[in-house]
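Undergrad: This structure is in structure tokens; I'll ask about it shortly.
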Amino acid sequence: MEHHKPLLPTSSHAAPTSSTRKDLLFVLCGLLFLSSLVAYGGYRASGVPHAHLSSPTSNHQQDHQSPTSLPSSKWYPVSRGVSSGVSEKSSNLLFAGEGGASEAFPWDNSMLSWQRTSFHFQPEKNWMNDPNGPMYYKGWYHFFYQYNPNGAVWGDIVWGHAVSRDMIHWLHLPLAMVADQWYDKQGVWTGSATILPNGEIIMLYTGSTNESVQVQNLAYPADPSDPLLLDWIKHTGNPVLVPPPGIGAKDFRDPTTAWLTSEGKWRITIGSKLNKTGIALVYDTEDFKTYELKEGLLRAVPGTGMWECVDFFPVSKKNGNGLDTSVNGAEVKHVMKVSLDDDRHDYYAIGTYDDNKVLFTPDDVKNDVGVGLRYDYGIFYASKTFYDQNKDRRILWGWIGESDSEYADVTKGWASVQSIPRTVRLDTKTGSNLLQWPVDEVESLRLRSDEFKSLKAKPGSVVSLDIETATQLDVVAEFEIDTESLEKTAESNEEFTCSSSGGAAQRGALGPFGLLVLADEGLSEYTPVYFYVIKGRNGNLRTSFCSDQSRSSQANDVRKQIFGSVVPVLKGEKFSLRMLVDHSIVESFAQGGRTCVTSRVYPTKAIYGAARLFLFNNATEATVTASLKVWQMNSAFIRPFPFNPDQKS
């Protein structure tokens, strides 16, 4: 059926945030200070520590943070993580319901049960955040993650562990590492794996000591012949790195995968800050036990604040194949990614890496690290890539947090999931951005499909798509604006951003148009994923790709934002999108993955069999032609590993 009426505006929208650029003088002074300290030959972790650390015999003891029980329907903002020296881990601190409401929505068990995903990775219960140390080893994909075994809120962080043959179906293993040493007493935090040429595995991770100092530690498999890597040994000489002079005790975390230098040494980078300037410290090592702090920084950007979960890797300029982290040369670009502690988004820049100068230089300073491009313009943070030597590709994982209330998370007993793993490669058509795309293996979950060819959507119309259910979907769609509309539409200097536009209800001559997902029949709840096109003064089209959650739920204790950004659409290309819908998660990819948006959606009516999918066109002038293929998606097999009696239980 077709509704010939435009989408209605909503009452309020979240205001966008911005970061202020600071003077570079402080950074230069800080660099001079750091350089003077290492000029004599480099700081070595085996020397005298420059941060106060308590030994294993210290009497200093601190209790673990325990999950908070919320027995009533009253809920209040609670900060988690900041006091310990990491980014805010509670969405409650960021909002208090619409209109400042402190009463939680009366969620029932049916609603909360529906929110749990069916083919995204998550533990059986409790809290999860950053992906850690992903790798392919002896026939298994290994995935480690930040995990609280004691509740559905951040705290008591250890390393969870799971394995898979295809990164879709997962088997949970026993915890890999727990907080049992003085140097990680307050948490076994984020880390990365490096596989050496001889097959040896090196795992570096951040530990929060019994005095909340962030230090770097070394671990390795107890039995390298074990394909499941069940047991891990922590190096007896931990910590191998402590904060250098001038760096705060809580501003030194998340070591990267190591890469080989031209001198044959291994090199890592670690995120930090000087005042409000984000920086990446660089260390060289030959044995992963003793390190040299290199003079200068890999990159520093004023105004970006603390850099978490730094990632650094090469991409090919010629094809889509992945590259080992150590590859460099004329046919290679490098990608530097940082997770900004201040706004909890993942930013990346593409540029060149000088091995001798230990310096990354972005191709476009306007798209520098932390101020330009993002991996994902929705809820996607603390991401980590790895080189998959099994299929010659680079794989990206990202943490998808919750945007409901902590009360609801505690009630349902779990919080957070991981994104569907994505392949990452350079967009060789533009040369200025990455392409992200769900791994091919996810297509093994496709069931029956419905195809819709050349559907016409007139201005201000909503068209129902007749499919079975709309809770677990893989949708591929293409859209075209009729030529007559493009030619007669006046050129405009209209300013448009997804986050401040008013959402899908904001009508323009050439947009918005796209899909309404997780919608109920009466459209009291719906989430638009759409394109908005502006014809500029020179006749060129400027396209934005957005996801609008402002009418996604009737609940008052969920965050309803509008996400998105500009997406390049090249001459001759149709507007294209792909969506993975998995209950409360919608992952959207525009133009082959040039721009990606992940949303958390918590409907109260558009659930189970009541969920619908619609085509919509809220433009005032353009008629849109759409062609879609919609697959129902099966559930992934995610369960505990079926150990034999002689295996670890």
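Note: Cβ is positioned from N, Cα and C throughout, glycine not excepted.
What Swiss-Prot shows for this protein is this:
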- Asp130: active site (ACT_SITE)
- Cys498-Cys546: disulfide bond (DISULFID)
- Asn210: N-linked glycosylation site (CARBOHYD)
- Asn275: N-linked glycosylation site (CARBOHYD)
- Asn618: N-linked glycosylation site (CARBOHYD)
- 52-75: region 'Disordered' (REGION)
- 1-22: topological domain 'Cytoplasmic' (TOPO_DOM)
- 44-649: topological domain 'Lumenal' (TOPO_DOM)
- 23-43: transmembrane segment (TRANSMEM)
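For each listed feature, how buried is it and what is near it?
TA: The number of other Cβ atoms within 10 Å of the Cβ belonging to Asp130 (active site), over all protein chains shown, comes to 27.
Its own atom aside, the Cβ of Cys546 (disulfide bond) has 31 Cβ atoms within 10 angstroms in the protein chains shown.
The Cβ neighbour count for Asn210 (N-linked glycosylation site), using a 10 Å radius and every protein chain shown, is 22.
Cβ-based neighbour count (10 Å, all protein chains) for Asn275 (N-linked glycosylation site) stands at 13.
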Undergrad: About how far apart, in whole Å, are the alpha carbons (Cα) of Asn210 (N-linked glycosylation site) and Asp130 (active site)?
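TA: Between the Cα atoms of Asn210 (N-linked glycosylation site) and Asp130 (active site), the distance comes to 21 Å.
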Undergrad: Tell me whether Asn210 (N-linked glycosylation site) sits in a helix, a strand or coil according to DSSP.
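TA: Looking at the DSSP assignment, Asn210 (N-linked glycosylation site) belongs to neither helix nor strand, so coil.
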Undergrad: If you skip the near sequence neighbours and keep only those at least six away, which residues in the chain come within under 8 angstroms of Cys498 (disulfide bond), Cβ to Cβ?
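TA: The answer is Tyr377, Tyr532, Ser544, Phe545, Cys546, Ser547, Asp548, Ile562, Phe563, Gly564, Ser565.
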Undergrad: Calculate the distance in Å between the alpha carbons (Cα) of Asn618 (N-linked glycosylation site) and Asp130 (active site), and round it to a whole number.
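TA: That separation, Cα to Cα, works out to 38 Å.
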Undergrad: Provide, as an integer number of angstrom, the distance between the C-alpha atoms of Asp130 (active site) and Asn275 (N-linked glycosylation site).
TA: 25
